[in-house]
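Sequence annotations record features per position, and here TrEMBL assigns domain 'Sulfotransferase' to 127-362. For K136, G137, G138, T139, R140, R217, S225, K342, G343, R344, P345, H346, the entry in TrEMBL reads 3'-phosphoadenylyl sulfate binding site. The active site, for sulfotransferase activity annotation in TrEMBL covers K136. Under the heading disulfide bond, TrEMBL lists C325-C337.
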Amino acid sequence: MFPALCPHAQDCDLMGCSKWRAAFNFGHLKVQSKLSVFFTMIILFTYLFYCLNGYCDSLPRPVYDQRINSPNKMMLNDGQGASPEQRGAFNASPASFIQEQLSDSSISDVPPNNISIANNFGSKKFPQAIIIGVKKGGTRALLEFLRIHPDVRAVGAEPHFFDRFYDKGLEWYRNLMPRTLEGQITMEKTPSYFITKEAPRRVFSMSRHTKLIVVVRDPVTRAVSDYTQTLSKSPGLPSFQNLAFRNVTTGLIDTSWSAVRIGIYAKHLENWLRFFPMSRFLFVSGERLVTDPAGEMGRVQDFLGLKRVVTDKHFYFNQTKGFPCLKKPEGSSRPRCLGKSKGRPHPQIPSEVLLRLRDFYRPFNLKFYQMTGHNFGWD
C-alpha cells in the first residue's frame with residue numbers, strides 16, 4: 001500500500017506517508033510483544049498446573065548416589081561403596097564395625113542420605129523416626145497422638161517396607177511418605193519391624209541416624225490382646241491355653257506362637273543393638289500411654305527434638321473404651337478416639353495359665369529392664 005500512496009520517496013513527507021509507515025511498524029512491534037507475553041503466560045500456567053497435580057516429581061532432577069540393594073554389595077551410609085576389607089569387618093563383627101563408623105569424626109550429624117524429592121510444596125523424605133514395635137502395645141495410639149504436632153508428618157497406613165516389600169526399593173518407599181516442609185519430620189509405624197530379623201540391617205542401610213521408637217507393654221497382657229484380635233477375625237480359633245502351651249499337662253510354653261514370641265523383648269532388642277546404639281532408641285510404656293498420655297508424649301517429643309506442643313490439654317479419658325481420647329479439635333463436631341478394633345474386652349483366661357506365662361516371661365523381662373535401664377514393673 002505504501003508504493004501506491006507514495007510512489008516517490010520525496011513525496012512521502014508531503015503526503016504524511018512517513019508517519020503512516022512509522023505507526024504501522026510500531027503497531028507491529030506491539031502485537032509481537034503481546035504474543036510473547038501471551039505464550040509465556042501459557043507456559044507458566046501449564047507448569048503450575050502440572051506441579052499442583054504432582055507431575056513435577058517426574059521431571060529430571062539432579063543425579064545422586066543411590067544405594068544398591070544387593071546382598072553381594074554393601075553400601076556405606078555416606079553413599080560410598082565399602083571396600084572388601086570393610087565388608088569383611090562388617091561380616092565378622094557388625095557391632096564393632098558400626099561403632100567404628102559412628103565414631104568417625106568425618107561423619108556429619110546430619111543424615112547424608114536423606115535425599116528428598118522436592119518441589120515448591122514440600123519434600124518427600126525417608127523417615128527420620130520409625131515406630132518399630134510392638135504389635136498390640138499402643139503404636140496406633142502413639143502415632144495418632146503425634147500427628148497432632150504441627151511438625152510431624154506421618155504415613156497413615158503401615159508401609160511394611162522393611163519386612164514385606166523391601167524388594168520394591170527405596171524409591172518406592174520414599175514415594176509413600178507425605179511431603180514435609182523445612183523443620184518438619186517424617187515418620188511411619190510398622191510394629192512387625194521389631195521382630196523381623198532382617199529389619200535392623202535394612203533400616204541401617206537406609207540411614208544409621210534413624211530414631212527408633214518401641215512401645216512395649218506387659219507381655220502377658222499383650223499376648224492376650226493379640227489373641228483377642230485374632231479371635232475377632234477367626235471365631236473358630238482354639239483356646240488361648242491350647243495355643244500358648246506345647247503341652248498343657250507339662251506347661252511347656254510354645255514360643256513358636258507369634259503371640260508369645262513377640263513378648264520376648266530382650267531377644268528382639270539384641271538383634272537391633274547389633275546395628276544401632278541404645279541412644280537411638282526410645283522405649284515408651286504402653287501402660288503409661290493410657291494412664292499418663294501427656295507425660296509419655298513429653299518424653300517422645302523430647303526424643304524427637306520437638307517442642308512440647310502435645311500436652312494434657314489435648315486428652316480426656318474415655319470410660320467406655322478404657323483409654324484416653326483426643327479432645328474435640330477446632331472445627332470438628334466430635335472428639336477423636338481410636339477405632340472400634342481398639343479396646344476390645346478380653347476373653348476370660350484361667351488364672352493358672354496367666355501365672356505360668358508370667359513365670360515364663362520373668363527372666364526375659366528382667367534382662368530387658370537391664371538392657372534399657374528402665375523397670376517397667378510387669379513383675
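Every residue gets a Cβ built from N, Cα and C, even glycine.
A TrEMBL annotation is a machine prediction, not a hand-curated record.
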G138, P345 as binding-site residues, winner by CB count within 10 A: G138
C337 (disulfide bond) and S225 (3'-phosphoadenylyl sulfate binding site), distance between Cα atoms, whole Å: 18
Rounded inter-Cα distance in Å - P345 (3'-phosphoadenylyl sulfate binding site), C325 (disulfide bond): 17
C337 (disulfide bond) to K136 (3'-phosphoadenylyl sulfate binding site) - Cα separation in whole Å: 16
Euclidean distance between Cα atoms of C325 (disulfide bond) and G138 (3'-phosphoadenylyl sulfate binding site), Å: 13
Residue pair K136 (3'-phosphoadenylyl sulfate binding site), C325 (disulfide bond) - Cα distance, angstrom, rounded: 17
K136 (3'-phosphoadenylyl sulfate binding site), number of other Cβ atoms within 10 Å: 23
Average model confidence [pLDDT] within the domain 'Sulfotransferase' (127-362): 94
R140 (3'-phosphoadenylyl sulfate binding site): tally of other CB atoms within 10 A of its CB: 18
